[in-house]
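Database features, via Swiss-Prot:
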type     : residues                                                                                               : note
BINDING  : Thr9, Asn10, Asn11, Gln12, Gly13, Lys14, Ser69, Phe146, Gly147, Tyr148, Asp149, Lys169, His174, Arg175 : substrate binding site
BINDING  : Glu39, Asp68                                                                                           : Mg(2+) binding site
ACT_SITE : Asp68                                                                                                  : active site, proton acceptor
Amino acid sequence: MMRFLILATNNQGKLQELRRLLAGTGWVVQAAPPDFAVEETGTTFAENARLKALAAAERTGEWSVGDDSGLAVDALGGAPGVYSARYGRNDGERISRLLAALAGQADRGARFICAIALAEPGRVLKEVEAECRGVILHAPRGNGGFGYDPIFLVPELDKTFAELDIVEKERHSHRGRAVRKLLSGCSRGTFIVDH
């Protein structure tokens, strides 16, 4: 019997990463319907991940994974935070706005945060959160990734997320870490649920 797992996102970058990270788990991983949208009304990444997972599960009748993630910059009090995707109209505008906000700032510490919720219709089964610390550069570097990847430097690698190959990024990223937490204790095609 095939077991379907719906990814509650239409963000193509997240979708591709989640598909790669969940490959080989025994689940048939599918995107949410093309018109799927959830208003992100949560005040935390975890709340938004939960909203997305529950909405996708209700809509499709299948187990669903909701991901909410973003960048929290120390000198900006954690901004853009849950508003990371809405910090501008596109990646270039978001990066420009963030770099302008950090002009003259010595403290450029930041962290990418990823919250993931697994839900079936009517209830959340498991929730995890992970992060990756780094530094915001003064200018973009690298051609890979998406979002804020070109300005997020991982100090121990001396590379931005945009300079990492897929395997390296998945090993070090907030999303890779969160998916590994989600899958911990799982066997093929099953999840160990919290509730």
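Backbone N, Cα and C define each Cβ position, glycine as well.
Source: prediction; values computed, not measured.
This view paints the features noted in Swiss-Prot onto the structure.
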| residue | record | contacts (Cβ under 8 Å, 6+ apart) |
| --- | --- | --- |
| Thr9 | substrate binding site | Leu15, Leu18, Ala31, Ala32, Lys52, Gly66, Asp67 |
| Asn11 | substrate binding site | Ala85 |
| Gly13 | substrate binding site | Gly145, Phe146, Gly147 |
| Glu39 | Mg(2+) binding site | Leu51 |
| Asp68 | Mg(2+) binding site | Glu40, Gly42, Phe45, Ala46, Glu47, Asn48, Ala49, Lys52, Val82, Cys114, Ala115 |
| Ser69 | substrate binding site | Lys14, Phe45, Ser84, Phe112, Ile113, Cys114, Ala115, His174, Arg175, Ala178 |
| Asp149 | substrate binding site | Gly142, Thr160, Phe161, Ala162 |
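DSSP gives Gly147 (substrate binding site) a coil state; it is part of no helix or strand.
Put simply, the two farthest-apart Cα atoms among Thr9, Asn10, Asn11, Gln12, Gly13, Lys14, Ser69, Phe146, Gly147, Tyr148, Asp149, Lys169, His174, Arg175, the recorded binders of substrate, are 21 Å from each other.
His174 (substrate binding site) falls within a helical segment according to DSSP. When secondary structure is read from DSSP and collapsed to three states, Glu39 (Mg(2+) binding site) falls in the coil class.
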